[in-house]
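According to TrEMBL, the protein carries these features:
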- Gly164, Arg165, Ser166: NADP(+) binding site (BINDING)
- 5-119: domain 'Tetrahydrofolate dehydrogenase/cyclohydrolase catalytic' (DOMAIN)
- 138-280: domain 'Tetrahydrofolate dehydrogenase/cyclohydrolase NAD(P)-binding' (DOMAIN)
Amino acid sequence: MAKIIDGKAVSAAVRAGAKQEVEALKAQGIQPGLAVVIVGDDPASRVYVNNKKKACAEIGIHSEEYALPKETTQEELLDLVCRLNDKKDINGILVQLPLPKGLDEKEVIETISPLKDVDAFHPQNVGRIMIGDYHFLPCTPAGVMELLKSADVEICGRDCVVIGRSNIVGKPMAMLLLHQSGTVTICHSKTQNLKEVCRRADILVAAVGIPKFVTADMVKPGAVVIDVGMDRDENGKLCGDVDFQNVEPVASAITPVPGGVGPMTIAMLMKNTIRAAKLQNEKR
Ligand code: NAP
């Protein structure tokens, strides 16, 4: 039986720590603030934005929502981001992705001040992660690292396989494991012999976006399996990239979906917002 890594509990602990940090900052006259920008009416984006606002309220972070219609032009969106860059009571800016068709995400991300880029998507922050001298870590991979730490998983010297090479999850995930001296392999849709490569992993991270993609025969007995996926099964029910039922008996530790990586992402966003507030107050 694998140890179930409880993302809800770890996330609650991170948020409790964040709340204490906010209280300490407030005592010094610093009120962290996060602006969340949502364009259009994508229902999943709306749920994410509501959850982010709720977490801010719980922790004591000031939050502002900017909900723009899907007809918003690139110029209008960039203008808003520039105004938020200058806004003194806003330390973090998050533009909820994906943006509606016709808007250029890359340009929007590059317009966010790197010191307010709490998603850590700006090329300057991505570069900083690469050299290991960063202000912010992207929330989902950072959440995975926190889960591994909570479960006392040794990374140094161990074989780590990440399935997926997106800029948001796969690539930064691999980099964070490398920073901890894991021996890291990144797999993607063109990888040959995926099953064999995955079976070498002491730590296997799935960020593919295909329901139950990782099957028991892809997992080395005793491996730690982290499921980043947030997919829908044939009945429309939330599930992960890992066939949990059949993989769990093979693994030594595993994250469930829901209740694994998912709750960590927002907790890490709260930490990044606090970090942004500290950084901007140091710079003044
Ligand atoms: P993405 O941008 O679609 O990337 C998926 C990756 O999987 C790509 O690199 C792709 O390879 C690879 N892939 C696709 N089919 C494959 C196959 N047959 N064999 C091997 N690799 C394959 O997705 P993402 O944004 O990284 O998200 C991945 C999953 O994580 C999704 O389920 C998403 O919902 C979830 N997610 C969860 C959170 C959270 O908070 N828990 C946050 C972000 C994302 P190529 O590059 O070759 O196409």
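Each Cβ is built from the backbone N, Cα and C atoms, and glycine gets one as well.
This view paints the features noted in TrEMBL onto the structure.
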| residue | record | Cβ neighbours (10 Å) |
| --- | --- | --- |
| Gly164 | NADP(+) binding site | 24 |
| Arg165 | NADP(+) binding site | 17 |
| Ser166 | NADP(+) binding site | 15 |
Across the domain 'Tetrahydrofolate dehydrogenase/cyclohydrolase catalytic' (5-119), what does the mean pLDDT come to, as a whole number?
97
Of the residues in the domain 'Tetrahydrofolate dehydrogenase/cyclohydrolase catalytic' (5-119), how many are helix, strand and coil by DSSP?
61 helix, 18 strand, 36 coil
Using the Cβ center of Gly164, Arg165, Ser166 as the NADP(+) site position, which other residues in that chain lie within 8 Å, going by their Cβ?
Val162, Ile163, Asn167, Ile168, Val169, Gly170, Lys171, Ile186, His188, Ala207, Val208
